[in-house]
Amino acid sequence: MNKIKRISEDAWTYLDKWPRDSWTKCQFSHKPKLDSICNNACEVLNSKIKEARAKPIITLLEEVRMFVMRTIARNKVKLSNHVGKLPPVIKSRLEKVRKESKNWHPIWTGDDGYEKFEVHGYPTNHVVDLGKNLCTCQFWMLTGIPCVHACAALSRVNKPPENFCHPLVTMESYKATYNHHINPIPGQPLWEVSEFNKPRAPKVKRPPGKLQMKRRMDSDEKHGGGKRLRVDTKNNDNTHLKRQLGKFTCSYCGDKGHTKRGCKKKRLADAAAAAAAAAAVAEAEAATKNKEGEGGGDPTADQTCVATSDGTNQQGEGGNVQPIDLAPIVTAASDVQQVELDLSQPTCFEQEDSQQVKM
């Protein structure tokens with residue numbers, strides 16, 4: 001455990017929660033004579049009652065009873081034809097261990113009973129006591145079957161390893177397991193009717209209010225038990241998760257990182273278009289007033305106030321209006337600075353020279 005703690009602190013914390021005798025072979029109990037920690041016995045039962053599990057409880061119990069009854073009868077037939085001191089499974093396992101014991105070399109320690117040996121081999125040496133059925137590898141005590149070290153020592157003293165197996169793994173115990181039988185039972189219509197009332201399901205009363213529809217939370221969320229893993233690694237928040245979005249692409253200019261709504265190029269283009277539209281409106285109004293002056297108006301109205309490129313006013317004579325230079329307006333609109341236009345006040349065409357065009 002100290003080595004595991006040096007390698008991984010999380011693994012040591014997880015293993016330390018469970019008792020050592022439930023997952024460490026060196027601390028297993030020697031009474032059951034079993035060195036396996038898998039749940040094969042449960043898997044066998046579940047596989048046999050797979051079809052009956054969805055049936056009512058009485059039908060399920062009947063299926064289990066018939067399965068056990070057939071199993072006992074079938075194993076009794078096998079026992080009657082078997083010859084030997086050990087069952088077939090234990091015998092084949094012992095033969096495999098006996099073949100592997102050839103790679104070990106036993107050395108007698110010189111005791112009076114000729115029972116204590118020191119067995120040498122890879123990866124380390126072991127001590128075997130044939131009188132107490134002990135070995136430092138603990139395989140003999142856990143399974144009840146002599147280990148490779150014990151088989152090597154038994155071959156030295158010319159004794160069969162079958163005589164040193166625990167009584168729980170012999171044929172006598174196997175026969176005692178199937179010595180009983182299950183009495184037959186007639187069909188359910190022939191059963192005696194009980195004088196008591198049949199059990200009924202309790203009445204379920206729905207609480208007042210609207211039914212709560214709760215979302216199944218994930219395993220990483222608070223009080224969740226789902227399968228998917230969703231964790232906000234930036235903020236270490238597993239309950240309030242932000243939507244992960246990719247980079248936006250502008251549909252106007254094609255650049256990434258912004259949208260059409262926040263595009264600077266589009267804003268400049270819109271400002272230039274607004275300036276051009278304002279200039280066109282001003283030109284149209286100037287042309288309309290010039291036509292009215294030619295038709296017999298005030299002679300002083302022939303002089304029209306026109307804005308030039310240098311910001312001063314020029315008066316046109318004879319009803320001729322000088323054209324407005326739009327180049328500075330377009331240039332100012334294309335600049336980085338935005339141009340604000342006050343379209344509510346059109347260009348002035350009055351007699352006073354003090355009035356100027358407000359842009």
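The backbone N, Cα and C atoms fix where each Cβ goes, and this holds for glycine too.
Here's what TrEMBL has on this protein:
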type     : residues : note
COMPBIAS : 200-214  : compositional bias 'Basic residues'
COMPBIAS : 215-238  : compositional bias 'Basic and acidic residues'
COMPBIAS : 301-315  : compositional bias 'Polar residues'
DOMAIN   : 126-158  : domain 'SWIM-type'
DOMAIN   : 250-265  : domain 'CCHC-type'
REGION   : 200-238  : region 'Disordered'
REGION   : 288-326  : region 'Disordered'
Which whole number is the mean pLDDT over the domain 'SWIM-type' (126-158)? 94
So if I exclude everything within five residues of the ends of the domain 'SWIM-type' (126-158), which remaining residues of that chain have a CB under 8 angstroms from its CBs? That is, six or more out. 25-26, 28, 30, 33-35, 90, 93-94, 97-98, 100-106, 108, 113-119, 164-166, 168-169
Reported in the order helix, strand, coil, what are the DSSP residue counts of the compositional bias 'Basic residues' (200-214)? 0 helix, 0 strand, 15 coil
Residues in the domain 'SWIM-type' (126-158) per DSSP class, helix first, strand next, coil last, are 14 helix, 6 strand, 13 coil
Going by DSSP assignments with H, G and I as helix and E and B as strand, what are the residue counts for the domain 'CCHC-type' (250-265)? 2 helix, 1 strand, 13 coil
